[in-house]
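Enquirer: Just passing along the structure, written as structure tokens.
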Amino acid sequence: MIKAARQSGRHVRRSKLLWTPSLLREGAAFEKRSGHFDPVAEAWQLCSHIVANRRLMYAETKSRAGHHFPNSCIFSSLSSHVARRSFSTSEEIATLPAEMTSENVAEATCAHPSEGTIGESLAKKKGALSSSASPWDVEEDGHTAAEYAWPPLQAQASLVSYRGSDFNEIVEKVMGILSGRSWGPSVVDDLNRLDTYLNSYHVVSILKSTSSASAALGFFSWLQQKQGFKHNAFTYSKMFEILGVAKDAQTIRSLLQDMLKEKIELIPNVFNVVARAYANVGMHKDAVTAFESMEQYGCTPDSRAYNGIIDILVKAGYQEQADSMYNKMLDRGFFPNLYVCNLLIDSYWRVQRPVDALAVYESMKEKGEVPNMNTYNFLVKALAKSGKSEELCLVIDDMEEKGWKPNLTTYNTLVEVLVQANEIDTAIKLLDHMVDSCVKPSNFTYAYLISGLGKAGRMNEAQQLFKGLKELGGSPDDYVYNALIVNLSKAGKANAALEVMQEMRSAGLKPSKGSYFALVNAYKALDKPDLVRQVYKVMQTDECAPHIVAFHDLIEKYSADKNVEKACQVFEDMRRSSLADAGTYNLMLKMYGRMQDLKRCRQIFDEMRKGGVEPSVVSYSTMIQVLGKSGQVKDAFHLFKEMKKKGCKPDPIAYGTMLKAMVNAGQVEKALPIFEEGKRTHKDLVMYSIMIDGFGRARKFEKALKLLKEMKARGIKPDVVIFNSLIASLFKADEVEEALDLFNNMSQYGCEPNRRTKDIVSSSMQKGPKKKRK
């Protein structure tokens, strides 16, 4: 029957009509007698035969508990098609819900009058990786394989009260109760009062129409408690699918345990749906566990099951586990469908395994799985990016022999690889080949070629290519403009890059941050901070504000150039834009600190606190340093105490700054408590250096040498600066013997004299000892 329909150009599966087993048997017998098949005429004859045996057919239909329609549905379905007298239409029969249709029903689906079944008859859909096809074989009407693909199952319906109601009316009645309401006692009461016949197909349709996962779960649980109704793999699959979309992992696990406890006939597809649900929640290990438990419950994984789990693992980035499943699949005698083959090839080039990608391709040819354009494009990318030029040429030749012509994706992949390999001339020739082959280059093509020419230092050619694109009527997009701006900027052609940027903005496109910063770096290289500042302003108007560090760099540049006015302008711009933070104020403090402008430093520090910006340890250290150099040691000490009171813990630099201010003011003894406090938390060379120098200058050599020995005991290696300072102080105090002894013992501290050390000793010895004052 199917064969005859195909020969006549009318596929029965397009009709979407659900044939009963009796109808199929009668049709086969008639086809054998007549030698031809007219679907509509034959259907009418068979329906007449059904009428003659109405009692028998009614009993058979009723016993199937919802797997087949009453006879009246067959008549109503045929009457809507009699005028066309063809079953080749793809329109859905109004009286038949999508969940009740199937492409074919095997003749052996009626093993026993009490067992209504749906035969497995889903045709494999061959599609590209990016198409609607998937390892779950989505059908034309949008229903997933979870709703169609299962072997004969015993139907157990909920017979609340049998009425010969239309399928859609039943579904609408239930949905009228569930829609727009939260699950609760009132909903349960309304459902209990419902005087309607429900079967598994009704349930799946209702679950599918329910927008709320909680309402779907409530309805599902209500049915579990309903006498005479038992869920099957069909209804469980739909519920798992809903929970997966809702990302309810806990309920998925609980429902899975309930299903396994019930004695229902399980099928591989229900485990596939569970695995997909776990994957949607991100629990990929649980997805694999669910898949692997299939055989434990009497289900043998089929090709579809392996396709599904490989799809889950690859998309989750579990390449090794996906490889393991792929090998198990081959060992079982199955081979992936086209979607999964493409998925594997694509994943292999991403993990830089071109040999494995090629192996899948060769296996496809051996198994008769016909590659499509996406297969070749993924394979070209895998081989091209790994530099396997010989294999690449063979694949392209094979592709063209099979009638597949390189498309835009193929050419762009090759152009990208050639540019990365610095083979820009070959990439340019490939552009000519594209045009000759009537493949219009995309903006992506031009963007890569412009980048390649810029990388090769051939910016004039890049500009000509850009000009040619516009002359041919092309509209450069942001990729092309950004590529040109970046490469012009890198080539030092900042003004030309600025012109292109202005053209880009006039075209209604916004430059990327990469383009802006490339231009900024170009102007920095030309030492033009004013233009850098102008670019920053444009970025802010384009809602592409630069990072605060960019403004800090500009302040530092003006500060280094001693252009205080421009630095202050940037600072004020940042304050008005609410961008100024503690780091911004610190830069201004440092600038005025280097100028020893204590008054302005105080103003900045006060503005910082009034503006709600909490001073950092750097802020305090900078102010203490400025105060110390200005001789305001008392104020510096008060600020140091304030810092600790505010909860800002001094770091070694803060301690060193405070110690330096006090030592320089001749207050080395007063500085000692601060030093003792600091060394408890920090092992810092600079702090010891400042104190040893202070004690040396105060001629308190005993304390200085004690600190030197303490450093050695704590594992802090003194540097030559400490020895030079202390040796010089000893010579100045006419402590020549101690000075020479320290000089000779430097190596014991792990330090060797430098030229400055030797000069101090040499010059001091030449001068000889000073006369001691009375």
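Any Cβ shown, glycine's included, is placed from N, Cα and C.
Not my notes, these are from TrEMBL:
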type   : residues : note
DOMAIN : 462-578  : domain 'PROP1-like PPR'
REGION : 754-774  : region 'Disordered'
REPEAT : 267-301  : repeat 'PPR'
REPEAT : 302-336  : repeat 'PPR'
REPEAT : 337-371  : repeat 'PPR'
REPEAT : 372-406  : repeat 'PPR'
REPEAT : 407-441  : repeat 'PPR'
REPEAT : 442-476  : repeat 'PPR'
REPEAT : 477-511  : repeat 'PPR'
REPEAT : 581-615  : repeat 'PPR'
REPEAT : 616-650  : repeat 'PPR'
REPEAT : 684-718  : repeat 'PPR'
REPEAT : 719-753  : repeat 'PPR'
Enquirer: So how many of the residues in the repeat 'PPR' (581-615) end up helix, strand or coil by DSSP?
Expert: 26 helix, 0 strand, 9 coil
Enquirer: With Cβ-Cβ distances below 8 Å as the criterion, list the same-chain residues six or more beyond the ends of the repeat 'PPR' (407-441) that contact it, or say none.
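Expert: Sequence-remote neighbours of the repeat 'PPR' (407-441) are 373, 376-377, 380-381, 384-385, 387, 448-449, 451-453, 455-456, 458.
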Enquirer: Using DSSP, how many residues of the repeat 'PPR' (442-476) fall into helix, strand and coil, respectively?
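Expert: The counts are 26 helix, 0 strand, 9 coil.
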Enquirer: Quick test of the contact rule: Cβ under 8 Å, at least six residues beyond the ends. What residues does that give for the repeat 'PPR' (616-650)?
Expert: 582-583, 585-586, 589-590, 592-593, 596, 598, 601, 605, 608, 657-658, 660-662, 664-665, 667, 674, 678
Enquirer: Taking the repeat 'PPR' (684-718) alone, what is its mean pLDDT?
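Expert: Looking only at the repeat 'PPR' (684-718), pLDDT averages out to 92.
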Enquirer: With DSSP, how much of the repeat 'PPR' (372-406) is helix, how much strand and how much coil, in residues?
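Expert: Residue counts in helix, strand and coil order: 26 helix, 0 strand, 9 coil.
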